[in-house]
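Since the structure comes first, as structure tokens, the remarks are kept for the end.
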Amino acid sequence: MDGNNASDLPPVKEEAFCKYVLYYGLNNSRVRIWDLIILIPNALFVLFLVVRFNKAQLKLRATSSPIFLTFYSLVWGNVIVSVIRCAVSMTVNAAMPVGGLIDKILWVIVRFFLLATEMSVVIFGLAFGHMDSRSSIRYVLLATSLISLAFTVTQGTLEIIMPNDMFHIDIGDYDLFGHGGMLFWFTSSLVFAVIYFIILLLPWIPLREYLALPTKLSFYLYVLLLALLDTTQAIGAGLLTWGDVPSALCVVDVTTWLYFSLYTPLVYHTFLSEFFSVSQPSIMFSYKAQMDEPLDDDQVSLPHQQSFSSLKTDSDYIYQQSNSVYDSTLFEAGGTTPMNPVYSASLQSPDSIASGQSIDIGVAFQNQNMLST
């Protein structure tokens, strides 16, 4: 769906289904099929996040590691921006100059959020997972935001100044959004694919001796999926740019839909689902304070008295044990998430507290009887 130097290629025929689906409106309305099929999975994911919001909020309060809140916020930001883009695109007239410009700007904004998240995940996993501090998170987010901004500004500029004739709609005389052009789309997809394949090779090359590489399989499956997605997208864009294969537009459409509809749920499933679903997940990121970051009072962990009640509530599963300021569990199995002691009392179930009190009373009576005898 992209092109800038492909203006010499003949436009894709209007009746081609994979182009038709990009601009056709239901019942001749502004609700385009393309926007609708992207909106539905994003809206369902928003509903999923809303249903689990209260439990997620408790879990985030119960950990002193800021990385989970960071990625949870990125997930929310991505899906909200995607929903807004779809909704606005359904209300503006893309055939009008102002409507078309708004639609393109919204596409670029969504791409900015997704790309910033995409780069942040890789950087935290490979370089900063062992320095899960607030300052390092700020530096990473700033760096990824700047890179993503440069990328999307370039993409938006190419899209507005050099629209591809391949995506020009004769009926209505306007251009579809082409993500910066086929040549730009091919080049960027190929670069990202190469980066992801290099990451997949890191555990088998000598460089692994100098890197604290992730050990969890889920991280490498995540990287593999993105590598395959970018590779497929680069092939489709290349065929449209140099091969003059109109059917390759279907390849680009499918990969574009997968990225803008399912990437955010993929991030949630890979990096947050285990944290929100079990009491002591094997986390991918750990927290420790840096030399320039003093310890807060709420970062000192206290021993946890286990519940002796056979009836466990949600609080029992949310509470997590931590016996140090941080657990060195960088992408390793069997790690535990640091617990914020401020919430330890509030997260214990009444059964746990009652059981602990009854046991203490029983021990006291037993000691008193032994002394009397």
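Glycine too: its Cβ is placed from the backbone N, Cα and C atoms.
Unlike curated records, TrEMBL annotations are generated automatically.
The feature transmembrane segment is assigned by TrEMBL to 33-54, 66-85, 105-127, 139-162, 182-207, 219-242, 257-278.
Counted over residue pairs separated by six or more positions, the transmembrane segment (257-278) shares at least 3 Cβ pairs under 8 angstroms with the transmembrane segment (33-54), which defines the two as touching.
The stretch in 33-54, 105-127, 182-207 that contributes the largest number of Cβ pairs under 8 Å to the transmembrane segment (66-85) is 105-127.
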